Amino acid sequence: MKTAEKLGIIGTTISIFGIGFGWGVFPWLIRMQIGRVSLSPGSETREFWEKIPFPIDFKIHIFNITNHVEVQNEGKIPNLQEIGPYYYKEWKEKSEMIDYENDDSITFFMKNTWFDNKEKTLPLTGDEMVIIPNPILVGLITAAEREKKGVLPMINKAIPILFNKPDSVFLKIKVYDLLFGGIIFNCTTKDFSASAVCAVLKKEAPFLETVSRSVFKFSILNQKNGTEEPLKLQIKRGIKDYTEVGKVIGANGKNKLTNWRGRPCNNLEGTDGTIFPSDISEHQDIWSFNLELCRSIPAKFVRKSEYKGIPAFRYNVTIGDTSTDPSLKCLCINDTFCWKKGAMELLKCSGLPVVATLPHFYDSHEDFLNGVKGLSPNEENHSIFFDIEPMTGTPLYAKKRIQFSFPLGKINKIDLTKNLPDTLLPFLWVEESIELPDYLIDKLNSELFRILQFLDVIKWVITLFGAGVVSGGVGLYYKEKNSLPITPTSSATSKKIDNPTDKTTTHELGHTNFGYIN
């Protein structure tokens with residue numbers, strides 16, 4: 001009996017150890033170790049953060065307007081033809097990094113560099129001609145209508161001089177020139193109105209690239225290619241407190257933005273978008289700062305997913321609804337005008353009055369889609385999402401997509417707009433996609449998941465071994481119980497038992513244990 005009891009106690013203890021450590025302590029220790037990631041100078045994480053060691057796929061789609069004459073003269077609904085994608089390899093890195101030991105932070109600028117990926121772009125070459133809203137002309141008119149209505153008559157007089165007597169707000173241009181070559185804008189003039197407009201543009205149009213003293217140009221990528229973004233960010237390194245790694249705490253030396261009409265739109269939330277927290281729960285949003293939108297934006301958990309055998313959480317991102325969400329009212333143009341669901345204007349962000357939405361007006365108000373023809377929004381091709389490994393916070397697979405559109409419509413005192421339809425006209429949309437390379441997948445597997453798999457086996461071995469010891473103790477207990485020796489009775493007693501009339505028989509029978517020893 002003592003051996004059986006000992007086996008039961010030992011087995012139970014082993015099983016409890018296996019369950020407690022295997023399902024509780026081991027995972028906790030791993031999460032604690034993995035979670036202690038920081039941007040310590042010289043560390044592998046810091047090097048990866050400073051420059052992503054592989055190029056990101058970057059794609060651009062251009063919208064060609066096939067009925068621009070009818071749109072300009074008759075106010076017809078624009079008919080769009082999507083041209084693309086044009087592929088590029090995008091390298092992302094940080095520059096001018098300065099570490100601050102006192103508050104465990106680092107300041108830096110983002111820098112993107114694009115290289116043409118001609119093989120993927122084929123059969124397109126960039127020589128394709130497209131008709132688009134003239135970004136300088138439409139941008140100038142719209143910005144003035146938003147901010148300085150009093151200068152609209154002056155702009156109306158300056159348009160024929162600065163834009164060579166245009167008969168339309170639309171422009172025919174080669175795709176390459178739109179993306180890199182540039183749209184030339186010549187301010188060489190002695191006309192007072194034109195000179196005044198040029199003076200304003202020089203001061204308030206950061207999207208224009210200077211060619212000479214009086215000549216400028218506009219392109220989508222050339223001015224930004226290989227140059228620092230104008231916003232200097234400050235984030236936590238996570239050396240003193242690993243839970244704060246990547247947290248944005250400053251922009252251009254301030255602890256909040258100044259682009260928008262107030263809080264919470266000017267608040268800095270989450271990380272810089274290139275590093276994420278570890279030990280993520282599906283019940284929490286993931287916040288990050290988006291440079292293109294000049295705002296922090298949350299990603300919402302959608303479902304559990306998997307990427308190349310690695311368990312992941314899928315999150316998606318939407319623009320939001322400035323017209324109904326009280327927390328987004330500060331993104332509205334003014335007290336009386338807010339864009340409907342899925343749209344936000346970037347005049348206060350980029351200096352150009354374009355409107356950001358998801359491509360093809362996916363997850364946006366139906367009025368936007370009804371205002372044009374030729375779009376087919378769907379989740380697979382037009383949503384923003386990413387898959388992230390929750391224990392380490394490693395992004396595994398992501399697609400970030402943004403469409404840029406120009407507000408179109410009649411603007412008082414601008415002759416060229418008198419017949420234009422009121423619509424939001426898509427201009428182009430871009431996609432950044434990232435897939436963690438196989439060599440990094442193997443690294444993640446070898447340093448994390450193979451350890452987890454090993455521990456998973458160990459915890460079951462320990463638990464089942466303990467259960468086996470308990471089972472052995474139980475078996476031994478019953479074996480001992482069933483194999484106890486039988487004590488033979490005397491012949492006299494037997495005779496007494498055989499004689500039911502003998503009184504002493506009852507007395508002896510009352511003290512027998514039927515052959516068992518207590």
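Residue 1 is the first one shown; counting continues down the chain.
Quick reminder: no glycine exception, Cβ is built from N, Cα and C everywhere.
Annotated features, as they stand in Swiss-Prot:
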DISULFID  Cys265-Cys330  disulfide bond
DISULFID  Cys294-Cys349  disulfide bond
DISULFID  Cys332-Cys338  disulfide bond
CARBOHYD  Asn64  N-linked glycosylation site
CARBOHYD  Asn186  N-linked glycosylation site
CARBOHYD  Asn225  N-linked glycosylation site
CARBOHYD  Asn316  N-linked glycosylation site
CARBOHYD  Asn334  N-linked glycosylation site
CARBOHYD  Asn381  N-linked glycosylation site
TOPO_DOM  1-8  topological domain 'Cytoplasmic'
TOPO_DOM  30-456  topological domain 'Extracellular'
TOPO_DOM  478-518  topological domain 'Cytoplasmic'
TRANSMEM  9-29  transmembrane segment
TRANSMEM  457-477  transmembrane segment
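Projection of Swiss-Prot feature records onto the structure.
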{"residue": "Asn64", "record": "N-linked glycosylation site", "contacts (Cβ under 8 Å, 6+ apart)": "Leu80, Gln81, Glu82, Ile83, Val130, Ile131, Ile132"}
{"residue": "Asn225", "record": "N-linked glycosylation site", "contacts (Cβ under 8 Å, 6+ apart)": "Asn112, Thr113, Trp114, Phe180"}
{"residue": "Cys265", "record": "disulfide bond", "contacts (Cβ under 8 Å, 6+ apart)": "Leu257, Asn259, Arg295, Leu328, Cys330, Leu331"}
{"residue": "Cys294", "record": "disulfide bond", "contacts (Cβ under 8 Å, 6+ apart)": "Leu231, Leu257, Asn259, Trp260, Leu346, Lys348, Cys349, Ser350"}
{"residue": "Asn316", "record": "N-linked glycosylation site", "contacts (Cβ under 8 Å, 6+ apart)": "Ala299, Lys300, Val302, Ser383, Ile384, Phe385"}
{"residue": "Cys332", "record": "disulfide bond", "contacts (Cβ under 8 Å, 6+ apart)": "Arg261, Thr322, Ser323, Cys338, Trp339"}
{"residue": "Asn334", "record": "N-linked glycosylation site", "contacts (Cβ under 8 Å, 6+ apart)": "none"}
{"residue": "Asn381", "record": "N-linked glycosylation site", "contacts (Cβ under 8 Å, 6+ apart)": "Pro359, His360"}
Response to the item:
Per DSSP (three-state), Cys330 (disulfide bond) is helix
Item to complete: Summarise the model confidence on the topological domain 'Cytoplasmic' (1-8) as a single mean pLDDT, whole number.
Response: 54
Discussion item. What's the number of neighbouring CB atoms sitting within 10 A of the CB on Cys349 (disulfide bond)?
Written reply: 21
Fill in: Tertiary neighbours of Asn186 (N-linked glycosylation site) (same chain, Cβ under 8 Å, six or more apart)
Leu162, Ser214, Val215
Worksheet, complete the sentence: Other C-beta atoms within 10 angstroms of the C-beta of Cys330 (disulfide bond) total 17
Fill in: Mapped DSSP class for Asn64 (N-linked glycosylation site), helix or strand or coil
strand
